[in-house]
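> Have a look at the structure that comes next, please.
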Amino acid sequence: MLKMIISGCNGAMGRTVARLAAADAGIEVVAGFDLSAVKTDSFPVYADPMEFGGQADVAVDFSNPSALEGLLRYCAAKKRPLVLCTTGHSAEQLSAIREVSVKIPVFRSGNMSVGINLTADLVRRACAFLGDGFDVEIVERHHRRKVDAPSGTALMLADAAKSALPYDAGYVFERQSVRQPRGKTEIGISSVRGGTIVGEHEVIFAGLDEVIEIKHTAYSRDVFAVGAVRAAKFLAAVKKPGMYDMSDLLNF
Ligand SMILES: NC(=O)C1=CN([C@@H]2O[C@H](COP(=O)(O)OP(=O)(O)OC[C@H]3O[C@@H](n4cnc5c(N)ncnc54)[C@H](OP(=O)(O)O)[C@@H]3O)[C@@H](O)[C@H]2O)C=CC1
Ligand SMILES: O=C(O)C1=N[C@H](C(=O)O)C[C@H](O)C1
């Protein structure tokens with residue numbers, strides 16, 4: 001039985017993971033971490049991770065970058081593998097995550113769905129094939145509650161494009177303040193927020209008189225939660241400290 005902690009357990013994704021975990025005979029959610037430590041029927045919830053003294057095999061985090069410090073402190077002290085799904089971490093936080101991964105296994109992905117990870121692979125291939133003949137632009141759309149922009153997934157897709165382009169691409173997040181034609185080595189990233197859109201990512205390759213679009217649409221949060229549960233099982237079994245991502249789980 002996999003003993004799981006859910007960080008951000010009261011949120012949209014935390015509740016989705018808890019629902020999937022409850023339906024999985026191989027998982028027991030032993031604790032939740034969240035800002036409001038309201039006890040649920042199924043597991044206790046702690047505002048400070050260090051207050052939880054029980055055993056656990058893995059922690060899955062869908063919360064907020066502000067939760068990171070306490071979560072890393074807890075996971076490092078208790079040697080808990082950590083699946084980090086929260087997006088919007090700063091450069092300093094990303095280096096703190098890498099530091100902790102010397103002590104514990106850390107799985108991090110801005111998008112836990114199988115579909116987006118295939119999309120990233122397709123983007124890499126398209127960039128390698130198209131070279132510098134096409135301009136790359138990314139458009140992401142999310143629900144009105146989302147606080148970080150651009151999305152973690154848009155950055156993942158931009159990194160995938162950058163890794164395969166023949167030039168050193170720079171990311172451009174807004175065009176309003178710049179009055180000049182688009183640069184040859186830019187990857188533009190645009191964010192749309194509204195309603196209840198679960199998550200849409202479109203990578204546009206715009207060339208001379210032709211445009212190619214690779215698009216992924218998530219219709220439910222379950223696609224992310226399923227991936228997070230798979231990652232949790234994988235990470236608890238790995239045991240070896242280090243950084244892991246979906247390429248370790250899927251065969252990309
Ligand atoms: N990698 C992936 O595949 C995916 C990643 N995400 C990411 O997961 C994160 C959560 O998304 P979502 O569930 O929609 O967001 P929600 O706002 O619905 O849930 C976040 C939860 O975390 C809580 N929280 C906020 N700050 C802290 C803190 N410092 N310590 C503990 N808990 C805290 C919130 O409490 P309160 O409401 O009181 O602020 C809330 O209950 C986001 O960063 C999002 O981008 C989302 C989907 C997929
Ligand atoms: O906040 C969300 O909802 C999502 N966040 C992730 C991101 O920032 O890319 C993944 C998914 O698109 C949903």
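Cβ from N, Cα, C; glycine included.
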> Can you tell which of ASP34, ASP41, ASP57, ASP135 TrEMBL lists as binding NAD(+) with GLY8, CYS9, ASN10, GLY11, ALA12, MET13, CYS85, THR86, THR87, SER109, GLY110, ASN111, MET112?
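Of ASP34, ASP41, ASP57, ASP135, ASP34 joins GLY8, CYS9, ASN10, GLY11, ALA12, MET13, CYS85, THR86, THR87, SER109, GLY110, ASN111, MET112 in the NAD(+) site that TrEMBL records.
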> Taking 8 Å from the centroid of the Cβ atoms of HIS143, GLY152, THR153 as the cut-off, which other residues in that chain fall inside it around the (S)-2,3,4,5-tetrahydrodipicolinate site?
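Other same-chain residues near the (S)-2,3,4,5-tetrahydrodipicolinate site: THR87, GLY110, ASN111, GLU140, HIS142, LYS146, ASP148, SER151, ALA154, GLY199, HIS201.
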> Taking HIS142, HIS143, LYS146 as the recorded positions to compare, which has the smallest set of other Cβ atoms within 10 Å?
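Counting other Cβ atoms within 10 Å of each of the recorded positions HIS142, HIS143, LYS146 gives the minimum at HIS143.
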> What average pLDDT is reported by the model for the domain 'Dihydrodipicolinate reductase N-terminal' (3-112)?
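Result for the domain 'Dihydrodipicolinate reductase N-terminal' (3-112): average pLDDT 96.
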> Which binding-site residues out of GLY8, SER109, THR153 lie by ligand 2, going by a Cβ under 6 Å?
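With ligand 2 as the reference and 6 Å as the Cβ limit, the list reads THR153.
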